[in-house]
Amino acid sequence: MPGIVELPTLEELKVEEVKVSSAVLKAAAHHYGAQCDKTNKEFMLCRWEEKDPRRCLKEGKLVNGCALNFFRQIKSHCAEPFTEYWTCLDYSNMQLFRHCRQQQAKFDQCVLDKLGWVRPDLGQLSKVTKVKTDRPLPENPYHSRARPEPNPVIEGDLKPAKHGTRFFFWTV
């Protein structure tokens, strides 16, 4: 029935949260974006195609798992330079990167040496990319209604309006 809404169970919704502050997210954003790019884009593609977040729970869990794994790797390999970097961002005015370039360089060097991750160039993550996915295409990806029948053809001569146009100020 179209009136019944099926909600996911609590077990389906249960995931371990990524409990970090905005400064930590901002400090890790460039490397996180590079490492979890495919899972994030696949999740956003699912959300755009399905228009229903309940159908994208599996992809959402993969995004969450990627984020948790990313922060665990940072914590185990580069905890000290990362803490200096996000603390600098947290205490700087409006979390601006320009105040913390020295800490950023130390963190980027640590990540490069120990994990082999190169900081992506500016604009690299915002480029348009194609996402290869194993999900089937939705039946109606644009959620559009069926097209209505065209108006019937009017037979006979059409006469001009009796009192002119509706836009009276145009005809004066």
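Cβ atoms are placed via backbone N, Cα and C, with glycine included.
As given in Swiss-Prot:
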type	residues	note
DISULFID	Cys36-Cys66	disulfide bond
DISULFID	Cys46-Cys56	disulfide bond
DISULFID	Cys78-Cys110	disulfide bond
DISULFID	Cys88-Cys100	disulfide bond
DOMAIN	33-74	domain 'CHCH 1'
DOMAIN	75-118	domain 'CHCH 2'
MOTIF	36-46	motif 'Cx9C motif 1'
MOTIF	56-66	motif 'Cx9C motif 2'
MOTIF	78-88	motif 'Cx9C motif 3'
MOTIF	100-110	motif 'Cx9C motif 4'
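All features noted in Swiss-Prot, drawn onto the structure.
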| residue | record | DSSP (3 states) |
| --- | --- | --- |
| Cys36 | disulfide bond | coil |
| Cys46 | disulfide bond | helix |
| Cys56 | disulfide bond | helix |
| Cys66 | disulfide bond | helix |
| Cys78 | disulfide bond | helix |
| Cys88 | disulfide bond | helix |
| Cys100 | disulfide bond | helix |
| Cys110 | disulfide bond | helix |
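The number of other Cβ atoms within 10 Å of the Cβ belonging to Cys36 (disulfide bond), over all protein chains shown, comes to 19.
Beyond the ends of the motif 'Cx9C motif 2' (56-66), by six or more residues, the same chain brings 8, 12-13, 15-18, 35-36, 39-40, 42-43, 46-47, 50 to within a C-beta distance below 8 angstroms of the stretch. If one looks beyond the motif 'Cx9C motif 1' (36-46) by at least 6 residues along the same chain, the residues whose Cβ comes under 8 Å of a Cβ in the stretch are 55-56, 59-60, 62-63, 66-67, 70, 125, 129, 131, 133, 135.
The Cβ of Cys66 (disulfide bond) lies under 8 Å from the Cβ of Gln35, Cys36, Thr39, Asn40, each on the same chain and at least six residues away in sequence. If one looks beyond the domain 'CHCH 1' (33-74) by at least 6 residues along the same chain, the residues whose Cβ comes under 8 Å of a Cβ in the stretch are 6-8, 12-13, 15-18, 20, 82, 111, 115, 117-120, 124-125, 129, 131, 133, 135, 137-138, 141, 143. Across the structure, Cys100 (disulfide bond) and Cys78 (disulfide bond) are spaced 17 Å apart at their Cα atoms. Long-range Cβ contacts of the domain 'CHCH 2' (75-118) within its own chain (Cβ-Cβ under 8 Å, at least 6 residues beyond either end) map to 21-24, 26-28, 31, 34-35. Averaged across the domain 'CHCH 2' (75-118), the predicted model reaches a pLDDT of 95.
When the Cα of Cys110 (disulfide bond) is compared against those of the disulfide-bonded residues Cys46, Cys56, Cys88, the shortest separation belongs to Cys88. Under 8 Å, Cβ to Cβ, and six or more positions away along its own chain, Cys56 (disulfide bond) finds Phe43, Cys46, Arg47, Glu50. The distance from the Cα of Cys88 (disulfide bond) to the Cα of Cys78 (disulfide bond) comes to 16 Å. Within the same chain, residues at least six positions away from Cys78 (disulfide bond) with a Cβ under 8 Å of its Cβ are Phe107, Cys110, Val111, Lys114, Leu115. Taking the Cβ of Cys88 (disulfide bond) as centre and 10 Å as the limit, one finds 20 other Cβ atoms among all the protein chains shown. The number of other CB atoms found within 10 A of the CB of Cys110 (disulfide bond), across every protein chain shown, is 19.
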